[in-house]
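Taken verbatim from Swiss-Prot:
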BINDING   GLU20, LEU21, GLU80, ASP284, LYS354, ARG361, ARG362  N(1)-(5-phospho-beta-D-ribosyl)glycinamide binding site
BINDING   ARG112, LYS153, SER158, SER159, GLY160, LYS161, GLY162, GLN163, GLU193, GLY194, PHE195, ILE196, GLU201  ATP binding site
DOMAIN    117-306  domain 'ATP-grasp'
BINDING   GLU265, GLU277  Mg(2+) binding site
Amino acid sequence: MIGTPYTEGARRAMLLGCGELGKEVAIELQRLGVEVIGVDRYANAPAMQVAHRSHVINMLDANALRAVIELEKPHLVIPEIEAIATQTLVDMEAEGVNIIPTARATKLTMDREGIRRLAAETLGLPTSPYFFCDTETEFNQAISEIGVPCVVKPVMSSSGKGQSVIRDIALSHKAWQYAQEGGRAGGGRVIVEGFIPFDYEITLLTISAVNGIHFCAPIGHRQEDGDYRESWQPQAMSDEVLAKSQAIASKVVEALGGYGLFGVELFVKGHEVYFSEVSPRPHDTGLVTLISQDLSEFALHVRAILGLPIPNIHQHGPSASAVILAEGTSSNIRYQGIAAALEAVNTQLRLFAKPDIDGRRRLGVALARDIDIDSAVSKALDSASKVKVIF
């Protein structure tokens, strides 16, 4: 049952994290009459601008997080980022609070160690070789055992922060320092992974719903500096590789439990598929689904967490997204060239309305459909390039 916002019978959902992905989730929740409460570490975050009300707290502060949940008494608590006091969510779930998809899933996926050990050691899924390191001495030993090239990431980071590829052992100290600076909680534990010379990488959006497990068409993407720049759907792959990908994604999602959409990241090399990471929430590469599917990843996530069925997912055809990236310092961001960016048929824009910028930041995305993937990517890139960010 869903009531009406601001009434006694309202169904209340609290978003922990109010960025561009949370904003789309908030919109989809409101389309189904859910009262939305946004929570983030800074004011006027994108999802706060469309939520019914909002709170600014340090979400790594266990007491502050507990206090806001106890104040609002939401029926659903929906983590949309990793930087949260997850043990508080575990404790509150045990007290009866409904954490989406589960507090365990949120805690396991908050850091790379929890989910990598679940995938490789518990589920026996194929992954790259890896070591976890607390000191630079352990780090150097791991590199010598794995060899170069190898990938270094803080166990707690996002958007490529602190991530690098070591191709020369002489650069290992620099990579260690960069990883220490890039972690969400400051310096700390890192993972050193063997580099898989993959043919391509995909995000397989996997939905656990009341009527079973569902998959979106695979999404291909290009990364730069550890963050996505373009994504496209569908990624071409054989039926055999798709079946292997879906089998891996199903195992991970079923092990994490709960209802919702999961972004499962996989590497493909020939006929082999390797597990990389998973997010128990919509994925940034999945922004392409805003134009590629009848139900976007955000709509699917909301249906699943509300316990609603997903009869089918229709993919419209070759589609792409291209990031609108800017670099600078401003609290008065403006955009020009929007009309030019939307001149071509089957193009759309999403401007995230982030309140400020200090350094490099993703501020929007261009979306496009065309006759094939290459054309769709080219059209999305062209559209994105026409948007000029003014400070």
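Including glycine, each Cβ sits where the backbone N, Cα and C put it.
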Whole-number Å distance separating the Cα atoms of GLU20 (N(1)-(5-phospho-beta-D-ribosyl)glycinamide binding site) and GLU265 (Mg(2+) binding site) is 20
Out of LEU21, GLU80, GLU265, GLU277, ASP284, the binding-site residues in the record, which is closest to GLU201 (ATP binding site) when you go by Cα distance? GLU265
Hey, how far is LYS354 (N(1)-(5-phospho-beta-D-ribosyl)glycinamide binding site) from PHE195 (ATP binding site), Cα to Cα, in Å? 34
Three states by DSSP: which one describes GLY162 (ATP binding site)? coil
Using the structure shown, find which entry in ARG112, LYS354, ARG361, ARG362 (the binding-site residues) has the sparsest Cβ neighbourhood within 10 Å. ARG361
Which one is closest to ARG362 (N(1)-(5-phospho-beta-D-ribosyl)glycinamide binding site) in space, judged by CA to CA distance, out of the binding-site residues ARG112, GLY162, PHE195, GLU265, GLU277? GLY162
Check: min Cα-Cα distance from ARG112 (ATP binding site) over binding-site residues LEU21, GLU265, GLU277, ASP284, ARG361 goes to GLU277
Let me spell it out: for each of the binding-site residues (GLU80, GLU193, GLU265, GLU277, ASP284), count the other Cβ atoms within 10 Å of that residue's Cβ, using every protein chain shown. Which one has the most? GLU80
Roughly how many angstrom lie between the C-alpha atoms of ASP284 (N(1)-(5-phospho-beta-D-ribosyl)glycinamide binding site) and GLU277 (Mg(2+) binding site)? 13
